[in-house]
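Features of the protein shown, as given by TrEMBL:
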- 131-230: DNA-binding region (DNA_BIND)
- 7-120: domain 'Response regulatory' (DOMAIN)
- 131-230: domain 'OmpR/PhoB-type' (DOMAIN)
- Asp56: 4-aspartylphosphate (MOD_RES)
Amino acid sequence: MLHRMALILLVEDDRIITAALSRALTDAGHVVRPVGRAADALKIVTEERPDLVILDLGLPDIDGTDALRMMRSVSDVPVIVATARRSEADIISLLSAGADDYVTKPFSGGHILARINAVLRRARSAVDQAPPEIVVGELVINPRQRRAELRGQPLQLTRREFDVLAYLAERVGQVISRRELMNEVWNQARIGEEQTIDVHISWLRRKLGETAAQPRFLHTVRGVGVMMVDPR
Ligand code: CA
């Protein structure tokens, strides 16, 4: 795929890092919108609709993970988190909070550019290749508009919940392993993935009005994975 220019929101309070990253990203043909506070970032995400966000977790006004959750509540924009934290628990919590990828500080301009290009490519091909509509019983999913309805009522889904739902709905009757979901929906094979998947499945169940004990659409196959079923 040809390289396309992206509007990148860079949320970083360190001026030296901001200057170096802005230069690297601009040289690579992107447009950079730098801000130093999470509050400004949240405003710009809704008003200017950037193609991608690089979010430093150590910001002066709002804790980075909280900022990420707030961003996710208003936007599906891909987010790469820049963090000095590198424990397994920290990474799981970032991915659960909706990060698409992360880089640990310090990182080079070349390294973050490779991550940016990978995340943008996934986001764009997901839209380009999506089928127009998937129907599973009373559930109607429109991947291009990223909307889902149950019995005519719109579901309020996070980006990840939507991606998991659409992936499973395209494969009704097939048992999908957690590893496959991690590879295909999260696009990564990383430590601690099972808890992340289970958390998203349980949130999704709640929104579909079902429970693990009394499933309708999402059936857990113990020790294997999860399967979407047409409940009719
Ligand atoms: Ca910082």
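Each Cβ is built from the backbone N, Cα and C atoms, and glycine gets one as well.
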Mean per-residue pLDDT computed across the DNA-binding region (131-230): 88
Number of helical, extended and coil residues in the domain 'OmpR/PhoB-type' (131-230), per DSSP: 33 helix, 24 strand, 43 coil
Helix, strand and coil totals (DSSP H, G, I; E, B; other) for the domain 'Response regulatory' (7-120): 56 helix, 24 strand, 34 coil
